[in-house]
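Participant: Next up is a structure, given as structure tokens.
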Amino acid sequence: MANMAQLTRRQSSRELYRQKSYDRMELREVRGRLLSSDSAPGHSANYGAVNPGFTKDDAVTNLISKSEPSVGGPLEEKAKRDTVVTKEGKGVTAVVAIDAALPPGAKKPPTEDVFQDEGEERESWDSKLTFLLATIGYAVGLGNVWRFPYLAQKNGGGAFLIPYFIMLAIEGIPMFFLELAIGQRLRKGAIGVWSQVSPYLAGVGIASAVVSYNVALYYNTIISWCLIYFMKSFQSPLPWSACPPAKDGSGINRECNMSSPTQYFWYRETLDISPDINTSETFNLQIAGSLTAAWTLVWLCLAKGLASSPKLVYVTALFPYCVLILFFCRGVTLEGMSDGILHLFTPKWEKLADPVVWLEAGTQIFFSLGLGFGGLIAFASYNPVNNNCCRDALIVSMTNCMTSMFAGIVIFSVIGFKAHTIHKACLAKQDNRTLLMLFNTTQPDYALPGAGESVSYWANHSQLTIPMPNITVCNLQDELDKTASGPGLAFIIFTDAINQFSYAPFWSILFFSMLFTLGIDSQFGTLEGVVTSITDLKLFPNMRKEVLTGILCGSCLGLSMMFAHGAGNYIFILFDSFSGNVPLLIIAFFEVIGVAYIYGLSRFAEDIQLMTGKRPHIYWMICWKYVSPSAMVIILTASWIKIFTEGSTYPRWDASVGEAKVAEWPTWALAIAVFLVLIATIWIPLIAITRALGIQIMPKEEASWFPANDLRDFHGIVAYEPSPLERMLFGFREDGTEGVCFPTKVGGAEHEDDDDDPLT
């Protein structure tokens, strides 16, 4: 399964923090405090956790004004340094250190090398809070609102939380932590990161970019639907609150009368849907116009975001929570609220024996966190080098899960009210007298005979047999079970519930503005993965990012017109089912394999220790090397087995009976599904094979800046002695090498002797 990076950056490269200079001054200033105190060198090992790198400009100025202690011996004491401070724009400071001439033949102390500007400058987050909110906004998306509640009530209610949190612990958080850590360490986007880990893995970054493009292509269609409903919500009564008259004026529309007003408005008025995917029918100008508006909004936000206040991310990330809280306050006052919440969380323990429940729990965790898209790697690359990425992974992952549970409570409190209202109206019309006569109850908990079938009952001590009359039986549980996942929940079930509210247009405006914000937040992150990847490739080095983003949005707008006709909703379901699920699992599998077995688990653990001051717990390393890749292989295999054994179907709308029916995908649609999977994943073996043949498709990546020695000195880190358990589990050796590992240099060759290499 979302990113406000563009919205939180400075106006131009002249107005950006020099990330490396910033981190260098920070390290030097803190080292000075450590040396001037009586404490041990490792006293402030938790500095990365405090993360003063996210401070304001006055703090930077204070650092500049302080005297810098001597840490490099007599030669360094003789070397004089001038500091030039330039200010361009409000609150923006760039610092350039200029070394004075050293004595002839003298060599600069190695500790100074890490403070030189190397390569191009990298943008940085405005504050730690901005980073956290942007990452939460990216991860928390539409799936938290309309997929988790459906999966929970379908797969055992409260019992579903057991596999859900187990999968979160062994798959979700470890992979989230891994992506943040590798992005922060190598300080590049997805393509740059995996090219540095190994040139054979460069295809993983390209695959992430392709998947992000495919998902962004159809994800904006949801935003366009939200825009349509948002604009229609400014009517009273709401246009989906009642059936329209027939076009010939002969009464109520037959299709609407056989379904419901909300279903009719969704399928006919909004989608103008065709009978199946093979019939496209007319072009939908309403959706085409809404798609144009949606893509224009995305481009304007990304392009104008460079000059916008970074506080905008606070609005887009926090607004959905405000709306959810309002709906919660409204929901708990509704009659029948408790029925819906109990239906959601009442455990059905027998469901735990169903492997499909575990499969859907793992799939939901994986996609709701946005793993494999490359957006998290790009976000983390803008963090200070000593940021506590482990804590960030825990905060964002748990926030994402708690949001899903809170959204489930909100959604089912409203659905409980809807079911209670319908059940109450049904009871008023129910033929209780006939039910009592035939079955001695007005609420039979078993299936009744169909109309016309023979049914026997006792009357005056004799058994009589009559044809079963046509009786409507009111069952609250059946009404609660009538929920849906995805667009059906938002545009049919929930809108029907809102119709029962007082001031329904107000609540409808709030609901669809919340969906719009959730969707566009995730869309920014998804598209940022594509933009960052193209920038890393340096295909258009002189092109401004606003122009590049505009070209991408324009191409997506043109291709997204495939969703703007009668069969467009079926094409949307095809993309939603195949463009992301399988490719993202494959990408994430190669990510964890690349870190644990190629980059090296010992090396990665020491990198994290250098950045945060603490070595990752052995639990994380077990997950990275064994548990997480195994879980992904199992989920991927089970998904394919399920597709091949049960087949792949889609819901088609049958206007003659006013309901959706299941249909098999045609051959050409399955061919498109295979193409969507291959167009993303083919890059992984393709780049590896061409590299093995000596053909270099990807440009060589320069090693990223990383002040390993200074971080080691600052945290007081000494040579790590692997424990017997680590030697047994991971094959760690005393010389730093590993068993079951394919060591490469970051950049493709064997590790060289480098002062900034964390293992030298």
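Here the Cβ of each residue, glycine as well, is placed from N, Cα and C on the backbone.
These figures come from a predicted structure and were not determined experimentally.
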Participant: Among S368, S485, S555, S560, which residue does TrEMBL annotate as binding Na(+) together with G137, A139, V140, N144, N400, L518, D521, S522?
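Facilitator: When TrEMBL describes the Na(+) site, the candidate it includes is S368.
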Participant: For the region 'Disordered' entry in TrEMBL, name the matching range from 1-20, 21-40, 41-60.
Facilitator: 1-20
Participant: Just name the most isolated of the binding-site residues S368, S522, going by other Cβ atoms within 10 Å of its Cβ.
Facilitator: S368
Participant: I'd like the number of other C-beta atoms within 10 A of the C-beta of V140 (Na(+) binding site), please.
Facilitator: 28
Participant: Run through the Cβ atoms and count how many others sit within 10 Å of the one on G137 (Na(+) binding site).
Facilitator: 28
